[in-house]
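A short worksheet on the structure shown next.
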Amino acid sequence: MATTTVQTTAPAEYTTVQLLTPNGPVSRRVRCGKPRTPTLGEMPIIDLSSIDGDESARKALSTQIKAAAENTGFFYVSNHGIPQDLIEEALQQCKNFFDQSQDDKDRVAFTKAGKFCGYHGVGSTQINNKETKDNKETFSMRYDTRIDPSHDCVDDINSNFDSIDFVWNGTSHLTKFRPVLTEFYQRRLTLARKLIRLFALALELPEDYFDSIITTPGADAVHLHYPGTEETDDIDVGIGSHTDIQCVTLLWQDMSGGLQVLSADDEWLDARPIEGTLVINIGDFLQRLSNNRFKSTVHRVYNRQKASRYAMPFFLGFNPDAVCEVVPTCTDAEHPPLYEPISCGEPPRTNNARNNPITYDSGRSSVKFGKPNSDYIMTHRIPPTTKEHGTSIVAPPFHYHIHQDEFFNVQSGMGRFYRGIAKEPFAVLSDEPNGQRKASIKAGRYHRFENASETEDLVVDIHLAPESYENEQRFFRNFFGYLDDCREAGKPPSFFQLMVFLHDGDTPLAVPMPWEWLGKIANIYIAMTSLLWSLIPWVDSSAGWHKHQAPYTANATYLHTLDVWVPKATDSHCLPTPDFVPRDPGTWVVYIHGGAWRDPLVDSSSFEAAALKLLRDKEAHISGIASINYPLSSHPNHPTHPAPPRDPSQPVDIARTAKHPDHIVAVLAAIAYLQNELGVAHDYVLSGHSCGATLTFQTVMNPDRWGAAPKVKKPKVIAPLNGLYDLAAFINNPPESHKNLQPLYVEFTKNAFGDDETVWRDICPTIVSDWSEEWPEGKVVVFAQSKNDSLVPYSQTELMKEHLRKTSKLEVIEMAASGDHNDLWKQADQIVQIIKRAVEYHSKV
């Protein structure tokens, strides 16, 4: 919620940075305050003047690099051999490009060029979906054998010449642009290969260990322009918090500053530019093959200055057909490999198998490709869903295409096509004589489709505009072929492998993935909820194992997710399997966050600090913890995350257009998933804060009130905190202390429940006439409400307590709470004590 009340409180000591990396999700606490200057130990300056020296000199260099790679994973290099005048000329050519009109830059837009080449406009990417869109524009180059100084001739290794030439043809009026950027690319490629040899020495490997897999590498050069920003701009970052996917990054940055690196001590380090140096950092591949000895560190660009900032990073990876696996010097009996071998890019399937159609599901499903620039470039054959075979791999769940409109034509069978979160299809297409055969969906609109027949295959033609014929083939051959292999083998897919396939196919994911270039079709690889769950790895959170934002329903949005924490087994290295959650004796805690049904900055991760404290507390006897996300209602006035967006050209986030009963139906679906699919949380305490307290009571009300809501086993004990229990009473007769909030309550209530006041009344727990009949399992309600709450008046709790006394035999307990509205969960000690007390009551009833 928001409020006009001003209250002085102590600033929070920590905040949280969350991101999804190919090596798994990362959730890091970060100390609040200004970034500090790194020590020389954290970001040393390494002199590379001896990089071409004798063996002893190179080994000495590798020792320095090893220390830096194992510490922060970032360091500076001086005397790197790239002439300063070449760097300055490359910078000037970048400025010449970005100073062009928007129309001239869009001539080489990556959507036209394909394969990640070309131009991305300001705001077209969002590398971290927890932060604002990236305030940058870029021009990108990919590896080209024709300019590789180590190749004497061009062979058929590179199949992207058309895309690359398209970009250069579109910039030919900038006469020095291509030759200067090409020379700068070549110099950095040469230097990067020398650095890889030093990394081999640092890992106690032969110096040439990696030489054979960097002959035709994944090597991208990106040229970045960060426009100046004003103090009033709703922009948090130039590039959001992230790690780099490749092996190593070489960065030149101008003297503006803005690069920030997250230290091992949970502080942002200000990686200020140093004249004559490059910044080098470790990527996810190198962390992976070193078995986590080398650190791929979270970093961001925070650009809050009026002047433009320019940077030119270069990313080096391995050959697309190489295999990335933990090297032998980084494993032993006490340190087994943490990662399985994976392909670095294009697998043999695309190189050797040009089958058309491509078949999946033991031949039941297929995708057939037509000719480029034809009316429909591919045809899906989707069999009926059956209990024996499940859902077809090529039947897409809830997704959208960032830049492409999609067109459908049913050849045979019948299909249902859904837009947004609508329960009814916007089109039913069929081959019947008078049936509708064609439909389309605009870029940025969530949608899905399914076979509507129980007996016949659905055969549907598909076209995407603008067309990216090569990438569509790569995507379906590589990505879906790999998923099909995993399903056939009965093994969960490697999350990292999926991310690499998406990167190789230049296919940007929409949600919940953070990188635009990771996948063209958002979430399309998720065919079943169990597969989605298995894609999210367990992460060691020191107090236990943690799954972050795991989906609880098929066709999930990023808000149909939950966080799960479970205690470690006696053997601290015993990791839960993807589809198994330990069922230790004890009680589960299920938590529902607040935020007035609409605030995207309050989510399942808000409970993390409390969850970790509960797991560490051996007296709590807690078997597991789940914190639930649910779809949110619109919030057009949110200062940094408006929904719908202020710019009407931007896609609407369908996960934030919910209306009652979407919120409570999602919460019940999450609990049903825990109980029915994972086999846990049958014995649990349910707690929620603010509107989450409302949802807590709604969970134990009769589910028939909410329409087609899942049925769940209800808890015996609930713990509502700082809750909203009678919206109509507050809106119509607010207490004097909170009267100024009445317009705010009216706004978020109408956004969540509509204009009809009878709906507001019917959703509130004070409407229940007989709580003993409504919740026969119920035994205890443990309230907590701060009398200093500036957002929810204490009278709401008084109303609810009195109502329960009149309509039930429940034992009503109230625990003291202090501070303002959100202090209850932000100061984890308070909520931990309340939930521990609720668990104690639960053990006695």
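Placement of Cβ uses the backbone N, Cα and C atoms for every residue, glycine included.
Sequence annotations record features per position, and here TrEMBL assigns active site, nucleophile to Ser690.
For Asp789 (active site), the same-chain residues 6+ apart in sequence whose C-beta sits under 8 angstroms from its C-beta are Asn722, Asp820, His821. Per TrEMBL, the feature active site maps to Asp789 (among others).
Here TrEMBL flags His821 (among others) as active site. The secondary structure of His821 (active site), as reduced to three states from DSSP, is coil rather than helix or strand.
The annotation compositional bias 'Polar residues' is assigned in TrEMBL to 349-365.
According to TrEMBL, the feature domain 'Fe2OG dioxygenase' maps to 218-318. Here the domain 'Fe2OG dioxygenase' (218-318) has a mean pLDDT of 86 out of 100.
What TrEMBL lists as region 'Disordered' is 341-365.
With a cut-off of 8 Å between Cβ atoms, the residues of this chain six or more beyond the motif 'HGGXW' (593-597) that come close are 1, 603-604, 606-607, 627-629, 632-633, 658, 663, 688-693, 722, 748, 751-752, 822, 825. Residues or ranges marked as motif 'HGGXW' in TrEMBL: 593-597.
The residues of the motif 'HGGXW' (593-597), classed with DSSP into helix (H, G, I), strand (E, B) and coil, number 0 helix, 0 strand, 5 coil.
DSSP labels the residues of the domain 'Fe2OG dioxygenase' (218-318) in these numbers: 6 helix, 41 strand, 54 coil.
Cβ-based crowding with a 10 Å cutoff singles out Ser690 as the top-ranked of the active-site residues Ser690, His821.
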